[in-house]
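Asker: Can you keep this structure in mind? I'll have questions shortly.
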């Protein structure tokens, strides 16, 4: 099986059930075959939930599907029933071997390609749909890696810890609206599909999960992510403070002035002596009407308009 990375994992000794019991550990909360805790994985054991997740993808017979963190393949075997081809990226070589054995000798074996390694570092193949019971520690990296992938996929059905998922679908003015919400919704429409109780996993996580649908905007907005992220990083540091107050935070004016001077040098613009850069930024905030706004209530369109106004005077955030 091809490897997504060259990283190797040493075999870790797993204590017996008797040893765990003698230490007072709940055997039912651990996976007796695989060290799932090591990779932040929780195996979905409810076949009804698994079927519902796959059904929500509306797979076509011609679809090539990317699955991240397949584990032992409870979702994979259902995807293989409907898709043309599945590429599954798995960190744990033992789980990858278990998945390979699960389809060995079946018609689905030829439709499955398993990559062992780190999804964040892997060279991704072409895919139409992504389905993932996402390992907790790569929740943020997976969403941004997918949204930056080209060519664009049609849809992603992703399961995350519930709080993370609800931040993805949060709306301006809600308590969960955040930099993450704005950055993701800049490039995609995200909606909540269903809640999944923690009892549906082995080992059971400490919190419930939720499944979201992510549909990339096509074409994507003509803005560099680094620029938009640079602006939201400033504004959401204190989401309930005014825009003007956040720009007054230590180092912000200095950083933006340096970026402005770099832009002037690259575009052949003269940098006038004695320019009051702070006044220039403050004036722009007043003129745009955003000075007294708060990030907690600003929409993606508001953020884009503010970013565009800064670009008009040569001020950049990355």
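Even glycines carry a Cβ here, placed using N, Cα and C.
Look at TrEMBL and you will find 1-24 tagged as region 'Disordered'. The S-adenosyl-L-methionine binding site annotation in TrEMBL covers 42, 44, 69, 90, 118, 133. Residues annotated as domain 'Ribosomal RNA adenine methylase transferase N-terminal' in TrEMBL: 49-218.
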Asker: Among 42, 44, 69, 90, 118, 133, recorded S-adenosyl-L-methionine binders, what is the largest CA to CA distance in Å?
Answerer: 20
Asker: If you count the C-beta atoms lying within 10 Å of each candidate's C-beta, which of the binding-site residues 90, 118 ends up with the smallest number?
Answerer: 118
Asker: Select the most exposed residue of 42, 44, 69, 133, where exposure means the fewest other Cβ atoms within 10 Å, treating these as the binding-site residues.
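Answerer: Counting other Cβ atoms within 10 Å of each of the binding-site residues 42, 44, 69, 133, the minimum falls on 44.
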Asker: Taking only the residues in the domain 'Ribosomal RNA adenine methylase transferase N-terminal' (49-218), give me the average pLDDT of this model.
Answerer: 96
